[in-house]
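Database features (Swiss-Prot):
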type	residues	note
BINDING	Asp488, Asp494	Mg(2+) binding site
DOMAIN	555-614	domain 'KH'
DOMAIN	624-692	domain 'S1 motif'
Amino acid sequence: MFNTHKVEIEWGGRPLTLETGKIARQADGAVLATYGETAVLATVVSAKEPKPGQDFFPLTVNYQEKTYAAGKIPGGYFKREGRPSENETLVSRLIDRPIRPLFVDGYKNDTQVVITVLQHDLENNPDILSMVAASAALTISGVPFMGPISGARVGYIDGEYVLNPNIDEMPESKLDLVVAGTSEAVLMVESEAQELPEDVMLGAVMFGHKSFQPVIDAIIKLAEVAAKEPRDFQPEDLSELEAKVLAVVENDLREAYKITEKQARYAAVDAAKAKAKEHFFPEGVEETEMSAEQFATIFKHLQAKIVRWNILDTGNRIDGRDLSTVRPIVSEVGILPRTHGSALFTRGETQAIVVATLGTGEDEQMIDALTGTYKESFMLHYNFPPYSVGETGRMGSPGRREIGHGKLAWRAIHPMLPAAEQFPYTIRAVSEITESNGSSSMATVCGTSLALMDAGVPIVRPVAGIAMGLIKEGERFAVLSDILGDEDYLGDMDFKVAGTEFGITSLQMDIKIDGITEEIMKVALEQAKGGRVHILGEMAKAISSSRAELGEFAPRIEVMNIPTDKIRDVIGSGGKVIREIVEKTGAKINIEDDGTVKIASSNGKEIEAAKKWIHSIVAEPEVGEIYEGTVVKTADFGAFVNFFGPRDGLVHISQLAADRVAKTTDVVKEGQKVWVKLMGFDERGKVRLSMKVVDQETGKEIVAEKKKEEVDAE
């Protein structure tokens, strides 16, 4: 019934298996991939024909994690998986980025790649395996995909590169780098690093590229026995039509791309396009040399050609800069004084308002992952409203791009955050992109660094980011610093580097062509370093280190530790005690399993009141100390006084006053505040208190006062 094919190799010390022919046989391509005991299913389906009028390639990648893969049942009312998590969105993008440029130009059939995590061994992260499985499924599907590709994770532990470190090893690693590519070239890099130098980062990229070659060989081996017949697709030859359009629009486009202001430049390009349309689609003529879709494709291609020729021939860019110059920068902090920390970062026509907000443990994000539930105390959210590019558009929940850009900035900042013991706050940074003309994610990095310093978050060092680009024709190439939106769209590489003056904290690279050598990447990294240091210098004009104090409106958090066996006393039955403390003092309280107690409030008196209350619950009263208490009950033989948190003690009638007392209620009443001295404990452990040795007005010991008076008299 099944015509199965399987390839198995040893990779990174674990078995990797690729199997097809048994599951999802109606898909164009389907591969079950297993690494260790983690298993994923990748499927590919591509429409037989493009939709009429389609002028782009509609590729969708969906990575989905099923909770059954880790032996779990989803939470929530419906008990089933819902909308994609942030991690699922990020992994979908991670797979999309290296496979998209490998589809043949002109292929516009609706294509969907679905990767499902079926089993997770809690050791091997399924993201790399999913990339491998998707590549294998595409390679055997018959669609015009110029792969295969593979990917690898590279760690850096004790000065050595580690291939595909398992989940338990990652906390020891100074690097979390994912690299993907073909047998000849690197196509994609995504990473977070602990201030590593450029040569270590480049070495990791090349180590990963070399390490995944056996996987590419395994995919080719599988395709040799299991691949479907390639689809009969021939890219349309538009060279003759392109030459005709070029003759009409070249001068207009060259003039348009000399305009430095973005909106004016776009208007000039639109005018050139409209003029060419009039020429090739005269009014009233039904039969034309080309279709509207062909014209749109050609015009986009010519835009790229004009810009690229100009840069390579003259070294001058669209806005008049040379290759390595960064646009003018203005940094401001404290622009929203009621917030905890704020910054406005402007670089050319790209601008971000970033606001930092500090919270308590209650504000931490709960993340329910396949590996278990954990809390995240640092959140960075990136918003890209349509007005930032002068357009109208959809508003609402963040899209894949916004989630991806936010995570890139998060990776850049995260290594520089203080330890929780040093700074026990939950931090949320929100970047509102108010203008965009290239590299808004790197503006977010710079703005977040400024806003955190303005908020008084003691980051290790300021972080800046820069986006690099590449134009390559044959042996000629130009590396561009701080690229514009057009240079990103029309170029061959998007290369984002963030870090401090001492090293890289995040690197993201997307390459659209083959032939990007190690030498070119080295040039780009060195040029990026110069740009990053320049940007840090510009940022320092606004603020160079974290403020010594938190903002006026930020909450204060103090930390105290209590014995773990006292946690239940502080919480109380059903949370009764801790709720009372919160209600009476107004402070927020978070108690962790190890006995760490975080008390937060914007009012210092509330924090002190809560600390004092908790201390009274967990501490033991000391014999000979004087305490303030409240009479809770009277009896013939004395009064019971609550004096130390939940503790009560007896003041015997003989200890109520210096003179003889006939009746307890002659001296005290229930609810009365009194001063008592702890005299000791009886043979049954009951507390013995005395009021008569304490001045009820001052709370000072009477005997001690008399002795002091005697000493003073002498």
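A Cβ is built for glycine as well, from the same backbone N, Cα and C atoms used for every other residue.
Because the structure is a prediction, the values reported are computed rather than measured.
Counting only same-chain residues six or more apart in sequence, the Cβ atoms lying under 8 angstroms from the Cβ of Asp494 (Mg(2+) binding site) belong to Ala467, Met468, Gly469, Ile483, Asp488, Gln508, Met509, Asp510.
Its Cβ taken as reference, Asp488 (Mg(2+) binding site) is surrounded by 19 other Cβ atoms within 10 Å in the chains shown. The secondary structure of Asp488 (Mg(2+) binding site), as reduced to three states from DSSP, is helical. Asp494 (Mg(2+) binding site) falls within a strand segment according to DSSP.
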